[in-house]
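Asker: Pulled these features from Swiss-Prot for this protein:
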- 1-23: region 'Disordered' (REGION)
- 9-23: compositional bias 'Basic and acidic residues' (COMPBIAS)
- Tyr10, Tyr33, Arg102, Val103, Asp104, Trp105, Asp106, Arg113, Gln114, Tyr115, Gly116, Arg117, Gln123, Val124: mRNA binding site (BINDING)
- 30-108: domain 'RRM' (DOMAIN)
Amino acid sequence: MSTSVDLSSYRDQHFKGSRSEQERSLRDSTTLYVGNLSFYTTEEQIHELFSRCGDVRVIVMGLDKYKKTPCGFCFVEYYTRAEAEAAMRFVNGTRLDDRLIRVDWDAGFIEGRQYGRGKTGGQVRDEYRTDYDAGRGGYGKLLSQKIAPNTDNR
């Protein structure tokens, strides 16, 4: 029987190690990936929500790699696996800043992973988005670049 604390099918393609090492890291992890955050959600809001499930050791906000501004994800690390499992059960799919957030297991934060991996610096999922999402910067970044008005006055 599947529970909300089971591993999802997502695997970090940049993980340094074998598939079995990654699986083991995920099964032992106390770190969660939190996605679909508003760009305006604060670390304090995240802490308030996730601390309801246990003592939060650290929160690492996801940043646009060029602008160093929040880009809609973070990592939340707990002191124990049981606390992280409680967050997987009770926080995944809840609303924060009017958005349904996604929570998934993470193999553990490593410096550099706090930056978006998209070509424009943010998350890949925001580059090709064609819908308008005020909480995630408007239209997708690549679409915004195509429709941006010419400011050269030529």
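Using N, Cα and C of the backbone, Cβ positions are placed for all residues, glycine too.
Fair warning: this is a prediction, and the values are worked out from it, not measured in the lab.
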Asker: Non-local Cβ contacts of Tyr10 (mRNA binding site) (under 8 Å, 6 or more apart, same chain)?
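Answerer: Within the chain, Tyr10 (mRNA binding site) has Cβ neighbours under 8 Å at Asp104.
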Asker: Ranking the binding-site residues Asp104, Asp106 by other Cβ atoms within 10 Å, which is at the bottom?
Answerer: Asp104
Asker: Along the domain 'RRM' (30-108), what average pLDDT does this model show?
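Answerer: Within the domain 'RRM' (30-108), the model's average pLDDT equals 94.
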Asker: What is the total of other Cβ atoms whose distance to the Cβ of Arg102 (mRNA binding site) is within 10 Å?
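Answerer: Around Arg102 (mRNA binding site), other Cβ atoms within 10 Å: 16.
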Asker: On the DSSP side of things, how many residues of the domain 'RRM' (30-108) fall into helix, strand and coil, could you say?
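Answerer: Counting residues by DSSP class gives 21 helix, 31 strand, 27 coil.
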Asker: Provide the number of Cβ atoms within 10 Å of the Cβ of Gln114 (mRNA binding site), excluding the reference atom itself.
Answerer: 17
